[in-house]
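S.K.: Under the heading active site, Swiss-Prot lists His324, His363, Asp419, citing sequence analysis as support.
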Amino acid sequence: MEISQRVKARLAVLTAHLAVSDTVGLEQVLPAIAPWCTSAHITAAPHGSLKGNLTIVDERTGKKYQVPVSEHGTVKAVDLKKITTGKDDKGLKLYDPGYLNTAPVRSSICYIDGDEGILRYRGYPIEELAESSTFIEVAYLLMYGNLPSQSQLADWEFTVSQHSAVPQGVLDIIQSMPHDAHPMGVLVSAMSALSIFHPDANPALSGQDIYKSKQVRDKQIVRILGKAPTIAAAAYLRTAGRPPVLPSANLSYSENFLYMLDSMGNRSYKPNPRLARVLDILFILHAEHEMNCSTAAARHLASSGVDVYTACAGAVGALYGPLHGGANEAVLKMLAEIGTAENIPDFIEGVKNRKRKMSGFGHRVYKNYDPRAKVIKKLADEVFSIVGRDPLIEVAVALEKAALSDEYFVKRKLYPNVDFYSGLIYRAMGFPPEFFTVLFAVPRMAGYLSHWRESLDDPDTRIMRPQQAYTGVWMRHYEPVRERTLSSDSDKDKFGQVSISNASRRRLAGSSAL
């Protein structure tokens with residue numbers, strides 16, 4: 001079968017059971033699938049096996065070592081431990097701050113080629129899934145490795161929707177928080193609280209082997225996927241002083257999320273189907289991204305045997321960090337500061353002179369155009385056709401054009417990433433900036449859960465306990481406090497001044513009689 005025929009055949013199958021209720025305009029917005037999007041039919045990596053041996057000569061001792069190389073081009077770090085200079089040497093360690101070139105797991109969930117700008121879920125190009133799939137189906141794909149049949153998809157959607165209600169106790173916790181509580185803080189707290197309401201699924205309470213049961217695992221998966229948007233919506237409504245809205249069982253995943261945000265309790269309300277489809281595509285794009293910071297945190301926590309709710313809460317906490325999940329908010333602030341396209345040349349010069357920071361460009365993995373950003377950029381016009389055009393989009397397009405034609409940025413491989421345009425779309429859809437990261441976290445639950453599930457089946461899974469390279473004092477002996485002398489004048493080596501409130505000063509100024 002020719003490549004184009006294979007693509008058409010794949011699309012025909014997808015279209016038969018993935019069609020959304022209304023995709024008006026999207027067929028013109030999303031790009032046509034390119035002929036190279038046929039990776040779903042390729043079962044082996046193009047480079048073949050990389051298996052062999054690595055010969056290492058230790059110039060310190062003159063010894064020669066043979067280290068096995070796997071078919072995937074990896075060496076076991078523990079094999080380097082045998083490289084030693086003598087009895088007091090504990091063996092060679094890998095020093096890799098930030099895990100720039102360390103693979104703590106083997107995974108079949110997500111593939112990224114940052115140099116070529118490729119992202120695939122279970123072998124499917126992200127462009128193809130964004131074009132034809134739905135978030136709930138992509139969640140199934142990530143979790144179980146294959147696209148579901150029509151009946152499997154129906155069962156999956158129904159089961160997830162049946163677990164969308166949140167325990168009243170969790171809603172009470174959300175309602176007890178301040179009106180100005182950050183939605184991500186609310187999401188972390190509520191996700192962690194779910195552990196308390198499901199003690200039957202906690203290995204610390206119900207036995208370490210509980211997750212060996214497929215039924216138990218699957219139940220936690222649908223619980224979290226179902227409840228995440230309900231919790232997020234409750235956090236959103238809390239900031240407006242409004243009570244939570246019960247989910248609807250008659251809407252799609254993304255429609256239901258918008259329904260809980262906007263219905264004001266009107267059970268007959270239905271979100272705009274085109275906006276719901278845009279949100280669904282954004283959810284697909286954010287669902288998974290292999291071993292990013294928060295996913296690594298989820299797997300790290302899960303390796304201890306902790307319950308999956310705590311693992312996901314910890315992952316969301318990592319996503320809360322501004323270096324991970326908060327970049328799209330920084331992009332909006334940057335574009336607003338630039339103001340108009342006429343100010344871009346001065347801004348570009350400021351970036352080159354290290355006087356200004358450019359947000360939304362560059363990525364830890366991608367040294368090419370982020371494939372997600374390409375899809376999001378095309379979605380912007382669809383959103384603007386419904387809610388009106390955001391003037392900052394003109395600044396964004398002009399900034400991208402200026403940067404990609406400037407040797408300074410091209411040489412450093414600084415291309416737009418997923419955050420560059422997503423913030424503009426979210427703002428156009430009426431979401432406040434503090435809610436952007438929540439819109440990242442809700443779909444990323446699918447990624448966290450698929451990695452959690454995979455780690456449970458991996459025979460190489462161990463409790464994560466990294467080594468360190470100790471650089472401190474080798475040994476010293478205890479001295480009584482009166483005999484100690486100040487060993488350093490450095491402020492970083494002593495306790496600093498912690499300011500106290502005026503109310504505390506007033507209280508301390510008083511006295512109490514016995």
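From the backbone N, Cα and C atoms, a Cβ is placed for every residue, glycine too.
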S.K.: How long is the line from the C-alpha of Asp419 (active site) to the C-alpha of His363 (active site), rounded to the nearest angstrom?
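M.R.: Given the Cα positions, Asp419 (active site) is 10 Å from His363 (active site).
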S.K.: What residues, ordered by sequence, lie under 8 A Cβ-to-Cβ from His363 (active site) and sit at least six positions away in the same chain?
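M.R.: Same-chain residues close to His363 (active site) (Cβ under 8 Å, separated by 6 or more) are Gly114, Asp370, Tyr415, Asn417.
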S.K.: Within 10 Å of the Cβ of Asp419 (active site), how many other Cβ atoms can you find? Include all protein chains, please.
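M.R.: There are 25 such Cβ atoms around Asp419 (active site).
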S.K.: Validating a neighbour-count step here. Other CB atoms within 10 A of the CB of His324 (active site): how many?
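M.R.: His324 (active site) is surrounded by 16 other Cβ atoms within 10 Å.
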